[in-house]
Structure formats: structure tokens, C-alpha cells
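Quick notes on the structure that follows.
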Amino acid sequence: MRPVSVWQWSPWGLLLCLLCSSCLGSPSPSTGPEKKAGSQGLRFRLAGFPRKPYEGRVEIQRAGEWGTICDDDFTLQAAHVLCRELGFTEATGWTHSAKYGPGTGRIWLDNLSCSGTEQRVTECASRGWGNSDCTHDEDAGVICKDQRLPGFSDSNVIEVEHHLQVEEVRIRPAVGWGRRPLPVTEGLVEVRLPDGWSQVCDKGWSAHNSHVVCGMLGFPSEKRVNAAFYRLLAQRQQHSFGLHGVACVGTEAHLSLCSLEFYRANDTARCPGGAPAVVSCVPGPLYAASSGQKKQQQSKPQGEARVRLKGGAHPGEGRVEVLKASTWGTVCDRKWDLHAASVVCRELGFGSAREALSGARMGQDVSKRYECANFGEQGITVGCWDLYRHDIDCQWIDITDVKPGNYILQVVINPNFEVAESDFTNNAMKCNCKYDGHRIWVHNCHIGDAFSEEANRRFERYPGQTSNQII
């Protein structure tokens, strides 16, 4: 029995594209002294739909940027502290998994741990500001008691009737609603406001606006619509306009980042001489609208992809890798932002990016890190099974009957596909191996799909072998 070290290289740049507990009971903490404002340098608000004024997704403004809180380790005690920051006496509950809808921007806090008696959220333990491994599908919300703290001069609660936000956007078919195949790629642009879904006035509507809306909904691009048809149809229908003056640059990842205006409640003349904005989006390969469109896409000759995502749990997320000189490599996360991530997402046939992750959140590269140890449970005789812990990097391979020569060493993880993964192609590692009867040299190790198809064929000069020996 001889130990063989196994390692693999992992990259830097990564992203997340758009394609989607119970409370710990405890006595309510005392409200403490009267508060005049929230944590110094921070602002708090409740957002999302549907909700009441004392509940919603918790958002924090720090350094001028609004962000959310991850629901990992979130408890009722943390909800108590946050409700007091918002100007309420206590919390009656909390929500997880983005019940009030996913937010945008940074996830400011993760693994927030409070005792419930803290006066400020900054006194609670966490992973640190902006350090999170969550997505916005894990945004936490609170349900506060509808009772205000006495003397609280700045509630920090942004009421929806005064500060509207565009959080949800959809495309509604102008005709045949409910009978159209999914996904819906063409129709009226509608935004969800507190009083329901509303249309957008098309005065000043541009292709840049359509590009942003299609990207939000998971489509890589847009195409022109039959404006005359929709104008004629609009004359025969009643509409409820809630938004106008939309002016996007085209690089925005969300409609809320564009310049826009809401109609006020007392506006009687809405969208005079205009009609509802309409978009027609082009679906990517994963969202072909019909089987015929899928066949048409499959019939088109396609070269080998030059950009791919690796290491993600779901389609549309993962580490960014690019193909250059027949070798797959990674992207440094310096200056990596939502704009750059959206370019990659659209190139891959998705819409705009929802998040641009940095800090090697899906694996990191620079050096070999492995630890070998014998914990007394590993088989070291012929025919013994080996028991491996998850944190042991080195495993024993029985080469008792192996003759000296040149070989391929291959290690496969999850070979029977018993664990669900979005991509199984990087589960095999191959190395060239030489054995002289006493020692083993292992070189040219790479993950099974580390090279282009052509380079991989050059490496595999002996396909279909039943043993690993090179003649």
C-alpha cells in the first residue's frame, strides 16, 4: 500500500445568473431607554410585497448602499433587535427564504447572532459586514409588533406610499392570457406596486429599456415588436399606468436602477397620447419556447464554447472559466461587478446577472494544499476497505499486484451520480503516472475537462483501454 496525493486547482472569478425554521421562543426583551435614532451611520427600512407597514424584508443602508440580511442562524432574538432599530417595541416573528421577495445589492450581514437585549445590531455577532455566502433567495424578514417606541424621532421605515420601489416586473400577453406557452416572451410590461400590477407608459420607451426588462426575466436579448398592432389593441382596452419616464442606459441589471418616475395618486391624466410599453424577448437555449424552436437551435452548427460556469449547484451559477490556447482558466475578481457578470450571463444565453460573487466563493486557486495522516482506520493490507474522513486529502491505493510501467491515474468523485450536481464533467481527475517498482511519479494532473476537446484527445493517446497501462 502506498499513499498517493490528489489535489485539484480551483479558480477566482465567479457569478450568479438569473434563470430562483422555526422561531426560537424566548421572552420578549425589555425595550430599554427611549431611542432617538438607529445605529450610528446606518439606516434601516422594511421592503417587499405583500406586506403591512410593520413587516417586510429588512434592508440596511451602509456607506450609502442598501443591502439585506441572510436568514442563516437568524432567530427571534435578532428580530427583536432589528425591530427596535426600526422604531418598534419588539418582534412578533420573522421570515426566511425571501418571503417578501428577494432584494438586490449587497447582503450586508450573515450568521447574525443576537441575544435579544442588544440596543444596536452592531452589538450582535456576525461574519462581518458584507461577508456572506448567501443569495438573495435567503433574505430575512421581520414581523414587528404594531407599537412604536416612545420618542423615536427617526423610524427609518420607508413607507411604500411615499417611497415606491420597482421590485417585481413581468410580461403579460396582450391576448390569450393563461393559454400561452411558457415562458412568456412577448407582451405588456407590468410592474408590481402596493395596489397591484400596473402598466408602464411607452412615451420615450427605448430598446435599452427592453434590453433591461428582458435581462431581468432571464432572456439574453430582445427583438422589435409590431408596434401598430399593440397601439390598435390598446385603444380597445382599459389600462392602469403606474410608471413613466423610464430611461435606461442598457447595462442595468434591474429596472429599478434606471431613471424612472411614478405617477402620483392625484394624477388624473396618465400617459396622454401613449400606450402600454411592450417588449419581445429572445429566449436562450434553456428557455426555448417550443420543441420546434429547440430542434431549430440544435440543428445549428455550434463550435466549442469559450466561456462556461463550473462548480455551481444550479444552472446559471458557478465559477467563470474561459478557454484560451486550448486550456480552461479562470477570471480574477478584481473590478468584477454586476455589469461584467451580466455580459457573461448573456453570452451564456441567460439574462442579467443577479449577483457578481467575488472572493473565490466557489473555490479558490495559487497553491497545493493537502494533509496526509493515518488515523488508524485506513486499510493498509490487501483486500481491506478504506474508511475516509471528509477532511483527509490523501487516500491509500493498493498497488500490490501492479507491475512497473507507465500508467494513467484517474480519480472519480460521485461516479454513480448519487449526489445531485449541475455539472458532472469536472468530477474526474487524470494524471500521468510512472511506477518503477519502488517509487511513483505523478505528473500532468488535470481535471477531466480542463483542456479543450482537441487538447484532451491529444492527451488521450490510448482511448478505450481496459487497463491503465501505457504500452
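Backbone N, Cα and C atoms are what each Cβ position is placed from, and that goes for glycine too.
Positions annotated as compositional bias 'Low complexity' by TrEMBL: 290-302. Under the heading disulfide bond, TrEMBL lists CYS70-CYS134, CYS83-CYS144, CYS114-CYS124, CYS248-CYS258. Annotation source TrEMBL lists domain 'SRCR' at 44-145, 169-282, 307-365. Residues or ranges marked as region 'Disordered' in TrEMBL: 289-314. Positions annotated as signal peptide by TrEMBL: 1-25.
Proximity to CYS70 (disulfide bond), defined by a C-alpha to C-alpha distance within 10 angstroms, is shown by none of the disulfide-bonded residues CYS114, CYS124, CYS144, CYS248, CYS258. The DSSP breakdown of the domain 'SRCR' (307-365) into helical (H, G, I), extended (E, B) and coil residues amounts to 10 helix, 19 strand, 30 coil. Nearest in space to CYS134 (disulfide bond), taking C-alpha to C-alpha distance over the disulfide-bonded residues CYS83, CYS114, CYS144, CYS258, is CYS114. For CYS83 (disulfide bond), applying a Cβ distance below 8 Å and a minimum sequence separation of six or more within one chain yields THR89, GLU90, ALA91, VAL142, CYS144, LYS145. Within the same chain, the residues at least 6 positions away from CYS124 (disulfide bond) whose Cβ sits under 8 Å from its Cβ are ALA78, VAL81, LEU112, SER113, CYS114, SER115, GLU118, listed in sequence order. DSSP places the residues of the domain 'SRCR' (169-282) in helix, strand and coil in these numbers: 21 helix, 38 strand, 55 coil. Each of the disulfide-bonded residues CYS144, CYS258 was scored by other CB atoms within 10 A of its CB, and the lowest score goes to CYS258.
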